[in-house]
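K.L.:
Submitted below is the structure of interest, expressed as structure tokens.
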Amino acid sequence: MLTIFAISDSIAETAHQVTLAVAAQFKEKIKIRRVPYIKTIDEVDCIFPEIAKIERKIIISTIITVDVREYLTKKCYDENIYIMNVLGPIIDSISSMLNTNPEYKPGAMRQIDEIYYKRIEAMEFAMQYDDSKDYGGLKNADVVLIGLSRTSKTPLSMYLANKGIKAINIPLMPEIGVPDEIYTIDKKKIFGLKIDAFQLIEIRKKRLDKFHRISSSIEYAGDERILEELEYSDRIMKRLGCKTIDITQRAIEDTALIILELIGYNKNTNSY
């Protein structure tokens with residue numbers, strides 16, 4: 001039986017996936033052995049006694065570091081072992097075309113995967129706790145958005161989620177109040193969304209027109225009701241002592257940027 005060693009200086013996920021794709025093209029049984037975290041020449045030497053025990057073998061390598069990659073290749077040639085360096089030739093070709101040197105960062109793909117899954121997790125979080133569906137996520141939230149109806153809480157939550165930030169949004173309504181749990185979390189996480197009364201009236205009227213709603217429309221988009229809600233939201237935000245952001249005539253991206261800067265977001269790692 002043929003054994004393919006998938007060797008990498010990171011978790012060997014890329015090497016493993018390439019090997020699986022190749023093995024799937026053959027009916028014969030092929031054994032795949034994953035060998036991660038080979039970052040030094042000494043570590044290459046350490047794995048060879050085990051490799052030497054296998055009669056029929058191939059090595060598929062995604063090692064990035066040049067000296068380790070070249071040493072592994074020479075070692076294989078000396079031992080008459082077939083080796084395929086998956087990333088090396090591609091990196092060299094692109095480097096030549098761009099006339100620049102690559103960074104040679106082991107585990108770069110894993111970092112990309114981690115960022116991707118962090119975004120997915122944040123999006124699922126935002127949907128689960130959207131618009132006060134459940135307050136159980138407050139303690140796990142990176143950001144808590146509070147504001148009146150039609151202050152862009154949901155789209156802002158989703159925009160932040162796309163940056164890997166877990167955001168929960170809570171609507172402010174005089175009849176309902178806010179959950180007691182909100183007073184127990186770090187106020188630095190809480191952001192109050194404020195808006196000009198005239199713009200809020202206009203937004204709500206357009207919302208009603210869009211769905212042809214007549215009942216209770218006067219109250220929902222009426223001047224007195226909106227002024228009452230604005231006064232209520234101001235009281236809550238002052239009581240919480242949270243940061244406030246005026247979203248009047250402000251794009252969601254701009255509001256998100258303010259929040260990301262305030263929480264110290266690092267765009268390179270999707271963390272803060």
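From the backbone N, Cα and C atoms, a Cβ is placed for every residue, glycine too.
So Swiss-Prot has the following annotated:
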type	residues	note
BINDING	Gly147, Leu148, Ser149, Arg150, Thr151, Ser152, Lys153, Thr154	ADP binding site
K.L.:
Please give me the CB contact count at 10 A for Lys153 (ADP binding site), counting all chains in the structure.
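P.N.:
A 10 Å sphere around the Cβ of Lys153 (ADP binding site) contains 25 other Cβ atoms.
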K.L.:
If you count other CB atoms within 10 A of each CB, which of Ser152, Thr154 wins among these binding-site residues?
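P.N.:
The residue with the most neighbouring Cβ atoms within 10 Å is Ser152.
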K.L.:
Give the helix, strand or coil assignment DSSP yields for Gly147 (ADP binding site).
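P.N.:
It is in a strand.
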K.L.:
Other than Gly147, Leu148, Ser149, Arg150, Thr151, Ser152, Lys153, Thr154 themselves, what residues in this chain have Cβ atoms within 8 Å of the centroid of the ADP site's Cβ atoms?
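P.N.:
Everything else in range on the chain: Asn169, Pro171, Leu193, Ile195.
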K.L.:
What residue among the binding-site residues Leu148, Ser149, Thr151 has the most other CB atoms lying within 10 A of its CB?
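P.N.:
That would be Thr151, with the most Cβ atoms nearby.
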K.L.:
So if I draw a 10 Å sphere around the Cβ of Arg150 (ADP binding site), how many other Cβ atoms end up inside it?
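P.N.:
If we count other Cβ atoms within 10 Å of Arg150 (ADP binding site), we arrive at 19.
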K.L.:
List the same-chain residues at least 6 positions away in sequence whose Cβ sits under 8 Å from the Cβ of Gly147 (ADP binding site), in sequence order, or say none.
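P.N.:
Set apart from Gly147 (ADP binding site) by at least 6 residues yet with Cβ under 8 Å, we have Lys153, Asn169, Pro171, Leu172, Gly192, Leu193, Lys194, Ile195, Ser233, Ile247.
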